[in-house]
């Protein structure tokens, strides 16, 4: 440690090696040696030490991230960086910054499909936080990377709806159906727009389509249909009362 503080990396490396000879699976000192090699600019040796660390602790988030960043920043090996960043996203799926880095990595390798998936994951995390602006931007990026990403168009529509842009949301929903006509949630969300504007016949068609595509799971469409039926009954009763007067 004293050698590192003095930036005497050669002696620091020698000291860490002596400890590792006695305890080859000591991740603490393997990691210190990896960092020392990195500071010396010996990236091949640094990567080798990180991989030895991961042989002992393959599920360690920080180790995977540090190795990914060495591949990305120091070596510019983006394919390897993507492997370890992907592992990070599996170990900690709530980290938006990991998906941002994954997106940058896939974009470097022109892997547009995986770049689109990374944006989708970012967008979903922003949606969970009700951050609709950033969610929309993420889903927009997803469909730019992969224009055939039907779920990207649908979720972009969701965020546009939440931001008050119903017409744009409707267009994105229709676009999603044109690409992939078997996503039940899209039909339900189109039904919501028709329902909101009192277009109950059209809403009914889309709610029923959502249920047809997902008969066991689409409670939202069923509940909306029931609610819509109640509204229609109230309207019929009001018209009947008006005719009696």
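Backbone N, Cα and C define each Cβ position, glycine as well.
Noted in TrEMBL for the protein shown:
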- 1-26: repeat 'TPR' (REPEAT)
- 27-60: repeat 'TPR' (REPEAT)
- 116-149: repeat 'TPR' (REPEAT)
- 184-217: repeat 'TPR' (REPEAT)
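Proximity of distant same-chain residues to the repeat 'TPR' (184-217), defined by a Cβ-Cβ separation under 8 Å and at least 6 residues beyond the stretch ends, is recorded for 154, 157-158, 161, 166, 169-170, 173-174, 176-177, 224-225, 228, 231-232.
Broken down with DSSP, the repeat 'TPR' (116-149) shows 27 helix, 0 strand, 7 coil.
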